[in-house]
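**Q** This is the structure, below, for whatever I ask next.
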Amino acid sequence: MRAAVVYKTDGHVKRIEEALKRLEVEVELFNQPSEELENFDFIVSVGGDGTILRILQKLKRCPPIFGINTGRVGLLTHASPENFEVELKKAVEKFEVERFPRVSCSAMPDVLALNEIAVLSRKPAKMIDVALRVDGVEVDRIRCDGFIVATQIGSTGYAFSAGGPVVEPYLECFILIPIAPFRFGWKPYVVSMERKIEVIAEKAIVVADGQKSVDFDGEITIEKSEFPAVFFKNEKRFRNLFGKVRSIG
C-alpha cells in the first residue's frame, strides 16, 4: 500500500513515517495538499480540522483519511501525536471506512465542501438581502450579514458560531442559518440533504469551507455531491462529539 502524509508542521512526521513503514506501507510526504493525493491508497493528515478541509478541497475522488490532531479541537481527526501509533495500526489493518457527504455549489463547480457553503456580503459590516428556496419553494427573505448552508459535519463549524444546532455526524442534512439576521426570533431550518438549496443575493461572495471564494450576483444552487469525503472509521466519533464541542473556546 501507498500512503501520503500531509503535514502542517513537521514535528511529528518522522515518527509517523517510521510507524507506517513498520506496517509495510510506502510513504510519500507532502507539505501542501495536492491533486496527486487521489493516487494513494490512503492519506494521513497531520494538523487540525483545517488541514483536512484543505486536503479535501484538492480531491474529487477521496482516498480514506486518517487525521492526527496537532490543532485545537480536532473534530475530524482520529488520534493525537501521543497515541496515534495504536489507532493508525488498527485503522490500516482493518481498513474500515465511513463516508460523509460533500456539497457542490454552482458558483464554484470545481470545488466541493464538507462543512459549509457561506454567502457573505462583499462589503464588511454591510447587510445583504437574501432569498432562500428549497426545492423551488421560497422559504424566506431576510436581511443579514450572510447566510450559511451547512452539512451535519459542518454543524460544529461556522454554523455553530452563528447559533445553529449541533447535529450528530451520521444524520445527513442541510442546516440553513443566517448570520446576524435583522429580525427577532429567526430559527435555523434543518432539511434533508436530498433537497436542492437555492440562495439569491447581490453584491455577495460565496466561500467553501472557509477556503476558496468567488464573487457572485444572482442565484447559486447547492446540492449533495456524488463524491463523499472518506475517512477511516472512528468508533469514538459520536461518543467524543459533545465533549469536544464543550471544549470549543
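For all residues, glycine too, the Cβ spot is worked out from N, Cα and C.
According to Swiss-Prot, the feature active site, proton acceptor maps to Asp49, an assignment based on sequence analysis. For 49-50, Arg54, 115-116, Lys126, Arg143, Asp145, Ile153, 156-161, Ala180, Gln211, the entry in Swiss-Prot reads NAD(+) binding site.
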**Q** Compile a sequence-ordered list of residues in the same chain as Arg143 (NAD(+) binding site), six or more apart from it, whose Cβ lies below 8 A from its Cβ; state 'none' when nothing qualifies.
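**A** Listed in sequence order, they are Met127, Ile128, Asp129, Val130, Pro181, Phe182, Arg183.
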**Q** Does Ala159 (NAD(+) binding site) have same-chain partners at least 6 apart in sequence with Cβ under 8 Å from its own Cβ, and which are they?
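**A** When sequence neighbours closer than 6 are ignored, Ala159 (NAD(+) binding site) has Glu116, Ile148, Ala150, Ile175, Ile177, Pro188 within Cβ distance under 8 Å.
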**Q** With an 8 Å cut-off on Cβ-Cβ distance and a minimum sequence separation of at least 6, pull the same-chain contacts of the residue listed as 'active site, proton acceptor', or say none.
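**A** The list for the residue listed as 'active site, proton acceptor' reads Gly67, Gly71, Val73, Gly74, Leu75, Leu76, Thr77, Gly157, given in order along the sequence.
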**Q** Got a sec? Which of these binding-site residues, Asn115, Thr156, Ala180, has the most Cβ atoms within 10 Å?
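**A** Selected residue: Asn115.
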**Q** Check the DSSP secondary structure of Arg143 (NAD(+) binding site), expressed as helix, strand or coil.
**A** strand
**Q** Going by DSSP, give the three-state secondary structure for Ala159 (NAD(+) binding site).
**A** helix
**Q** Check the DSSP secondary structure of the residue listed as 'active site, proton acceptor', expressed as helix, strand or coil.
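**A** Once the DSSP labels are grouped into three classes, the residue listed as 'active site, proton acceptor' ends up as helix.
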